Amino acid sequence: MQVQNIEGTLTAQGIRFGLVVSRFNDFIGQKLVEGAIDCIVRHGGSADNITVIRCPGAFELPSVTRKAAMSGKFDAMITLGVIIRGSTPHFDVIAAEATKGIAQVGLETMIPITFGVLTTENLEQAIERAGTKAGNKGFDAALGAIEMVNLYKQLG
C-alpha cells in the first residue's frame with residue numbers, strides 16, 4: 001500500500017485573484033499589495049488577472065471579500081491590511097472580528113481566501129512585515145492563495 005499525497009502547486013497561470021485591501025494605514029497596505037502582485041507575477045500569473053479592491057478599514061474586509069468572492073469573478077481572494085495596537089481595546093475587537101469574518105467567508109464560499117492582515121504592536125513591526133526585515137506578508141498571502149487554488153483543483 002502506498003500513501004497518496006495531495007499538494008497544491010505554485011503556478012499562478014490562469015488564476016483570477018481578488019486582492020481586498022483596507023485603506024487604513026495605506027502606506028503600509030500598498031506595500032502588501034505590491035508584494036502580493038510580485039508573488040503572483042513571479043509564479044506565472046498575469047496582471048490582467050489581478051483586481052485590487054479597496055475598502056475603508058479592516059472591519060470591512062470580511063463583507064467586501066464575501067461580496068467579491070460570491071461574484072464568480074475570482075478563483076482566490078487575498079485579504080490585506082494593517083491593524084496596529086493603540087491605547088484602547090479597539091485593536092482587539094477589530095483584529096478578532098476581521099480574522100473571524102475572513103475565515104467565515106472562506107468556509108461559506110469555498111473559495112481559497114488567505115489572510116495577509118498585519119496585526120502588530122507598533123508601526124515599526126508593521127513596516128518590518130511589509131517588505132523589510134520580516135519579508136512581505138502580502139507576498140506570503142499570495143503564495144498561499146496560489147497553492148490553495150491548485151490544491152482545491154486536485155481535490156475536485
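Cβ from N, Cα, C; glycine included.
Fair warning: this is a prediction, and the values are worked out from it, not measured in the lab.
Database features (Swiss-Prot):
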{"type": "BINDING", "residues": "PHE24, ALA58, PHE59, GLU60, VAL82, ILE83, ILE84, PHE115", "note": "5-amino-6-(D-ribitylamino)uracil binding site"}
{"type": "BINDING", "residues": "SER87, THR88, ARG129", "note": "(2S)-2-hydroxy-3-oxobutyl phosphate binding site"}
{"type": "ACT_SITE", "residues": "HIS90", "note": "active site, proton donor"}
(message) Among all protein chains shown, how many Cβ atoms are found within 10 Å of the Cβ of SER87 ((2S)-2-hydroxy-3-oxobutyl phosphate binding site), not counting that one?
(response) 6
(message) The record lists SER87, THR88, ARG129 as binding (2S)-2-hydroxy-3-oxobutyl phosphate. What's the largest Cα to Cα distance among them, in Å, rounded to a whole number?
(response) 23
(message) Using the alpha carbons only, what distance in Å do you get between PHE24 (5-amino-6-(D-ribitylamino)uracil binding site) and THR88 ((2S)-2-hydroxy-3-oxobutyl phosphate binding site) once rounded?
(response) 17
(request) Can you grab the distance from PHE59 (5-amino-6-(D-ribitylamino)uracil binding site) over to ARG129 ((2S)-2-hydroxy-3-oxobutyl phosphate binding site)? Cα atoms, rounded to a whole Å. (result) 20
(message) So, three-state DSSP: helix, strand or coil for PHE24 (5-amino-6-(D-ribitylamino)uracil binding site)?
(response) coil
(request) Between HIS90 (active site, proton donor) and GLU60 (5-amino-6-(D-ribitylamino)uracil binding site), find the distance joining the two CA atoms and give it rounded to the nearest Å. (result) 14
(request) Please report how many Å separate the Cα atom of PHE115 (5-amino-6-(D-ribitylamino)uracil binding site) from that of THR88 ((2S)-2-hydroxy-3-oxobutyl phosphate binding site), as a whole number. (result) 24
(request) Measuring CB to CB from ILE83 (5-amino-6-(D-ribitylamino)uracil binding site), give everything in the same chain under 8 Å that is also at least six residues away in sequence. (result) ASN25, ALA58, PHE91, ILE94, ALA95, ALA98, VAL117, LEU118, THR119, THR120
(message) I'd like to confirm something. Which of the binding-site residues, GLU60, VAL82, ILE84, has a Cα closest to the Cα of ARG129 ((2S)-2-hydroxy-3-oxobutyl phosphate binding site)?
(response) VAL82
(message) Tell me the Cα distance separating VAL82 (5-amino-6-(D-ribitylamino)uracil binding site) from THR88 ((2S)-2-hydroxy-3-oxobutyl phosphate binding site), rounded to the nearest angstrom.
(response) 16
(message) My understanding is the cutoff is Cβ-Cβ under 8 Å with a sequence separation of 6 or more in the same chain; which residues meet that for VAL82 (5-amino-6-(D-ribitylamino)uracil binding site)?
(response) SER22, PHE24, ASN25, ILE28, GLY29, LEU32, ALA58, VAL117, LEU118, THR120, ALA126, ALA130
(request) For GLU60 (5-amino-6-(D-ribitylamino)uracil binding site) and SER87 ((2S)-2-hydroxy-3-oxobutyl phosphate binding site), determine the Cα separation and express it in whole Å. (result) 22
